[in-house]
Amino acid sequence: MTCKIIGSGGYLPQKIISNDELTKFVDTNDKWIRTRTGIFQRHIAGDTEYTSHLALKSAQKAIEDAMISVDDIDLIITCTTTPDNSFPSVATKLHGYLGLTNIPSFDLQAVCAGFIYGLQLTNSLIVSGKYKTILLIGAEKMTSLLDWNDRSTCVLFGDGAGSVILQRSNDESGLIDSNIFSSGTDYEILYTSGGTSMNGTSGKIVMQGQKLFRHAIAKMLQSIEDLLHANQFSVSDIDYFIPHQANIRIINKLAELLNIEEHKVVKTVEKHANCSAASIPLALSTLKESGKIKKGDILLFSAIGAGLTWGSALIRW
C-alpha cells in the first residue's frame, strides 16, 4: 500500500528579474551568472505577496487538476523556510483561505529537501489509514532572505510554490520508496544569520558555495544509489529525473555520474532559479503541463538543503 499524486499545480509571481537587471545593483554580469549557475531569470514576489499567497495559488491549481472538492482535503502540510509569520503556520493560514473547518494543518521545515521529507511523511500518514486526501505544498519567498549586495547568493534564488494532492493508491502507481537524512554538524555550510530566538530577525542567507557543491554531489548521489539498490531499480528504469533546481552544475554533474540521458533530466533552474522546497513540485508541475509524462513512468526526485538535510524518492506515475 502506498500513496499517489492525483493532482499538481505550480505558481510563480508575475515579476521577473533578469540577470541583466541584477547588474544594476550588484557587481555581476549575465555571463558570470549563467556560467556558474545556469540561471538567467528569477520570479520575485511583491512586497505584499507572501508565502501563503503563493501557496494558495498553487494549491488551487492542484485541487482543480485532481478534480476534487476542497472539502475532500483532510490534512495540509506546507514545506517552507519562509513563513509569513513566526506563527501561525503558513498551512494554517492556507486552511483559512480555503475555508476549511477543523482539519489539521502544519508547516514542515527541511529547507530545500522539504518536499522529499513531506512526501515520506505524507505516505506514512495515508498508509496508516488516518488520512485519505492530503494537500502537500512547497512554497517559498526566498528573496526575503537575500542580501542584495552579496552576488554569491542573491543571484541564486527565486520565489514560487508547487502543490500536490495525494491519496491512497489502489494500483501499482504511487510512491515506491523514499529516504531522508540530515547532518547537523554541517549546518554552517548554509544558514541564515538570524532567527526568532537568536536575534529576533530572519537574517540573510550565508553560504559556503564550494563546500555545498561537494556535499550536494556526494550526498545526493549516495541517496539515489541506495534508493535504487534497495528497490532493485537501475538507472535505465528511470523515465524522468527531477532533482532540486539549485544549480545547473550540480544537476549536470549528478546526471553525468548516474549516466542518466539528457532528455530524461528535468531542468527549470534557468527560469525559476532556486525556489528551495518549491523547486521539485514546480518542476513536476512544469513536466506534467508539457504533456510528456504518462501513466507508468518512473520518476526520481532528489534534493539537498541546509541543515544539512537531503533525500530522494521514487514514484511510479
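The backbone N, Cα and C atoms fix where each Cβ goes, and this holds for glycine too.
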Identify the region 'ACP-binding' range according to Swiss-Prot, selecting from 25-29, 60-64, 245-249.
245-249
Would you mind checking how many other C-beta atoms are within 10 angstroms of the C-beta on His244 (active site)?
29
Taking the Cβ of Asn274 (active site) as the centre, how many other Cβ atoms fall within a 10 Å radius?
24
In whole Å, how far is Asn274 (active site) from Cys112 (active site) when you measure between their Cα atoms?
9
For the region 'ACP-binding' (245-249), what are the DSSP-based totals of helix, strand and coil residues?
2 helix, 0 strand, 3 coil
